[in-house]
Amino acid sequence: MYDITKWQHIFKLDPAKTISDEDLDKICMSNTDAIMIGGTDDITLDNVIHLMSRVRRYPLPLVLEIANVESVMPGFDFYFVPTVLNSQDVQYHNGILHKALKEYGHAIDFDEMIFEGYVVLNQDSKVGQVTKANCDLTTEDLEAYALMAEEMYKLPILYLEYSGTYGDMEMVKAAKSKLQSTQLFYGGGIRNLDDAKEVFEIADTIIVGNVIYDDIKHALKTVKIKE
Ligand code: 1GP
């Protein structure tokens, strides 16, 4: 019912962080295309269900970006399943996924599952550390990952994850240059509308996270890329 390929802007909410009802209302009524619930640390069944029930009152697509098997629950429109292409730990390629499918494969509606190729580009970020990502990449390295996503794995999404820091636009351009069918997501360090516009000139979809929690006014303005 929802067409992910048309999404241009996503707000990512971290279930381990606190957001007031007032700010949540502004985020959900902001004309963003979707809300994604996701994070790296302290993602539990309890905090995911709590945030989901608060966001569910609003008529917009809701995605769970799966951080661990323990916090997965029914009730989302989509489940984004990351595979970290530059992780040096096989768990983050397909190890966790294998375990999950072994246990729950019979009960999964695969139409709701979206496989998301991740390239983590901020070594100091939590996700960089946890997944043991090799972030020391040249534009040629990144182009090869983009080809891997587009031509080999045929992934619907390639997500450049700069989490917490604003990325190198030359890298974003390099990834984009190899993509046609695969949708390019960019997340990391978008703090205001100017950042959002710059990234959105290259990427298909931008993800705005942290700034929601420390500068809601500027966070809301990033949605203006859609105008
Ligand atoms: C994090 O890509 C998202 O997973 C967004 O990054 O929190 O830096 O906006 P920021």
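Cβ atoms here come from the backbone N, Cα and C positions, even for glycine.
Values in this document were obtained by computation on a predicted structure and should not be read as measured data.
Taken from TrEMBL as is:
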type: BINDING; residues: Lys12, Tyr159, Leu160, Glu161, Tyr162, Ser163, Gly164, Gly189, Gly209, Asn210; note: sn-glycerol 1-phosphate binding site
type: BINDING; residues: Asp14, Thr40; note: Mg(2+) binding site
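Everything TrEMBL records as a feature, shown here on the structure.
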residue : record                               : DSSP (3 states)
Lys12   : sn-glycerol 1-phosphate binding site : strand
Thr40   : Mg(2+) binding site                  : coil
Leu160  : sn-glycerol 1-phosphate binding site : strand
Gly209  : sn-glycerol 1-phosphate binding site : coil
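Cβ neighbour counts within 10 Å, taken over all protein chains shown, single out Gly209 as the most crowded of the binding-site residues Gly164, Gly209. One way to see the shell of the sn-glycerol 1-phosphate site is to take the Cβ centroid of Lys12, Tyr159, Leu160, Glu161, Tyr162, Ser163, Gly164, Gly189, Gly209, Asn210; the remaining same-chain residues with a Cβ within 8 Å of it are Asn122, Ser125, Thr165, Tyr186, Gly187, Gly188, Ile207. For ligand 1, the neighbouring binding-site residues among Lys12, Asp14, Thr40, Tyr162 are Lys12, by Cβ distance under 6 Å. Among the binding-site residues Asp14, Thr40, the residue whose Cβ has the fewest other Cβ atoms within 10 Å is Thr40. Checked against Asp14 (Mg(2+) binding site) by C-alpha proximity, the binding-site residues Tyr162, Gly164, Gly209 yield Gly209 as the nearest. For the binding site of sn-glycerol 1-phosphate, formed by Lys12, Tyr159, Leu160, Glu161, Tyr162, Ser163, Gly164, Gly189, Gly209, Asn210 according to the record, the largest Cα to Cα distance is 17 Å, rounded to a whole number. Sequence-distant neighbours of Lys12 (sn-glycerol 1-phosphate binding site): residues of the same chain at least 6 apart with a C-beta under 8 Å from its C-beta are Ile35, Met36, Ile37, Gly38, Glu65, Gly187, Ile207, Val208, Gly209. Neighbour counts were taken as the number of other C-beta atoms within 10 angstroms of each residue's C-beta; across the binding-site residues Leu160, Tyr162, the minimum falls on Tyr162.
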